[in-house]
Amino acid sequence: MVKQIDEVTSNLTAIDQKVFHEIVETKQALGNLELANQDELQKGLKELKINSRRKSKGQTTVEGSCLNEELNQPENLDKTRHLQQFSTPFNNRIKTSKYNILTFLPVNLFEQFQRVANAYFLFLLILQLIPEISSLSWFTTIVPLMMVFTITAVKDATDDCFRHKSDNQVNNRQAEVLIDGRLQNEKWMNVRPGDIIKLENNTFVAADLLLLSSSEPHGLCYIETAELDGETNLKVCQALPVTSELGADIRRLAEFDGVVVCEPPNNKLDKFTGVLFWKDNRYLLNNEKMLLRGCVLRNTGWCFGMVIFAGPDTKLMQNSGRTKFKRTSIDRLMNTLVLWIFGFLVCMGIILAIGNSIWEQQVGAHFRIYLSWNEVVNSSVFSGFLTFWSYIIILNSVVPISLYVSVEVIRLGHSYFINWDRKMYYPKKDTPAEVRTTTLNEELGQIEYIFSDKTGTITQNIMTFNKCSINGKTYGDVYDDLGRKTEINEKTVPVDFSFNPLADRKFQFYDHSLIESIKLGDSMVHEFFRLLSLCHTVMSEEKNAGELIYQVQSPDEGALVTAARNFGFIFKSRTPETITVEEMGKLVTYQLLAILDFNNIRKRMSVIVQTPDGQIKLYCKGADTILFERLHPSNEELMYLTSDHLEEFAGEGLRTLALAYKNLTEEHFKEWFKILQEANTSLDSRNEHLAAAYEEIEKDMMLLGATAIEDKLQEGVTETIACLSLANIKIWVLTGDKQETAMNIGYSCHMLTDTMNEIFIVAGHTVMEVREELRKAKEHLFGQSKDLSNGHVFCEKMQESKQGSVLEETVTGDYALVINGHSLVSQFFQVLSFPSQPK
């Protein structure tokens, strides 16, 4: 390989040779070099281009849209930047349209001929051009056929014009790009990998950027990702400390030199893996260092970023896919009907051709005396063949040529009716219904299943701290003078937080015993709220007059940090190395030693901090099923008591989390931290190594308690689900809550009702357990259905593997299926179909 590289680079300049060798060495270090032969090396080098957009004493290379490099080169006297890219063009242009001027006619005709009726009439037109069999003029078919094609083409062209208009609007947006040592306005479509872009507050991100610096302390910035994932909560991104020092210094930004090696373009919005090589150091890059195209910069004055992926390589476009010709179920049905009609037409043509041949031989021959033929066809078979096609032409109107045009006109009318529908108007945000495609209107009436997330869709995604369990004691309920539990109403007096000047005035809590425990100095209660104020990713912003604003990525974290704030443990600020908390009026700064991030597999988050007196502590919060497995054996009694409290909270439809802590010795932490650093710097299977390191430290923890958060239902969701159920639409809802919480929410929104015949629960941990539970549910379902006479009725076809036949079963009654995530993943798509009505 080295010999091949030397042979290929022998004719390059010294600068280009060094640049290419740096790329090869870096790729070899990652184990990602796949240059198999000399031809591939030469192909790569032929695409070495010169880009002098921003002047500096270095050069930038971008390899495969995922390698950016700047190296100080004393030989580079002309101060140019070299840009190498093996895969995509050097622009940021996007394209969502289907046609252009040259491709519109052939592509649109190809799409229209996928409709069987259009192909049918084209075939008839060809037949009418044959004089021996045609009794009609060819223009009687081509004129209406051309009208049909024209009307459909005009509609398709109109839809595509809107796509072109949207593309041009996006591609011609202006961005501030560092060019020739100064910021210049440049169109988005001209942005290239390696460019440095300046973003202002409330502006869209033009490409996938590596965040370099921002106006906020420690290189922080806030982004809204609603265009990407639909979430309106602000997310926090943070630049590397070494690049955040660049600030807004244009000269230093233009002289930035470094190598970024990262994964190839992909569509994973929540994942990015890369390494920055700069000044003989290596810095790890992850998704928190990236600003993706489609995001909006919020609550941040400005920031600078370097383009990593542009145009079709961006994650937004990787998720978009190509614009395809969509055929609805009505289109497919009409194609099937046309085929059946054509089959009927062929049968009629055969019958009439045979009848005509018989008549011609027995009767028609006598008419030749005074109606002689110009040329007599002696073969009766050939005569019948010609007659068959003549009858096909005569009877062609069996398939109406206006069939598809009528459907298109109906679709257009439906789209206007949807836009004008007052019942689909949302007055709070002045948002009417908007039809973005006229092709798929009728598909709304063909929906059989609805898949929905719970949080933010079924519920409001507005979290409030409702109850908690601390050291085996519950807080949040209200009792009367006789010690009886009472319901909270408008007359219930909330806790007075006036003693806390930084308390959130919107926060309300009604159990006065908790604030009394705080004031009495209960150590476990203090440790409980200390954990809530430290173990999170919330960012704080202090406004004028001491107003404290929290920027949260998760509403759950916002609710917990706000609760800690009101009870006297106020999260004030954070840096990459410290977290500052005001504890009962005393300002305390903790050294932030490590953050063990939350993900859907771990289902927990931990922080390791060092107190001012030098004590090292691990604070952890997460799902109780995960956390309880990692507790010290001495917590068994407290764990059982807290489990009862969690079941009680879940029964009320509250979202629950368990909290735990662990005291660490300095020697233990140092040994573990070496393991963490090795995992962080590993280029192969980094996530697996990090998970193993986290598991090593998150064990033998001490249980503190649990939290219970309320997320209220959306307005009108109960009525909506009832209407969908009447339409016999099956509803699947995904939630990360406990099973009890999920079922309680199901009852609250009437997805589950007491009148249901059966609610099947599948919670097996192995494939065989899940298969057995589904088998029993299926047997019970069909065994009971014979005796029921009311409810919704629907049919499912079951494949009987032993008999190889299809058996149609009728299920009567309302049923629901509750299945946990483990069972769903391990078995659901492998078992026999389950013909219930999941709700």
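For all residues, glycine too, the Cβ spot is worked out from N, Cα and C.
ATP binds Asp453, Lys454, Thr455, Glu557, Phe598, Arg655, Thr735, Gly736, Asp737 as TrEMBL records it, and from the list Lys428, Lys429, Lys621 the residue named for this site is Lys621.
Remote same-chain residues near the transmembrane segment (379-405) are listed as 115, 117-118, 120-121, 124, 127-128, 130, 132-136, 141, 144-145, 147-148, 151-152, 334, 338, 341-342, 344-346, 348-350, 352-354, 356-357, 360-361 (criterion: CB distance under 8 Å, separation of at least six residues from the stretch ends).
Secondary structure at Phe598 (ATP binding site), as computed by DSSP, is coil.
Cβ neighbours of Asp453 (ATP binding site) (same chain, under 8 Å, six or more residues apart in sequence): Val733, Leu734, Thr735.
Per-class residue totals from DSSP over the domain 'P-type ATPase N-terminal' (90-142), listed helix then strand then coil: 26 helix, 0 strand, 27 coil. In the three-state DSSP classification, Asp453 (ATP binding site) falls within a strand.
For the binding-site residues Thr455, Phe598, Arg655, Gly736, counting C-beta atoms within 10 A of each C-beta gives the highest total at Arg655.
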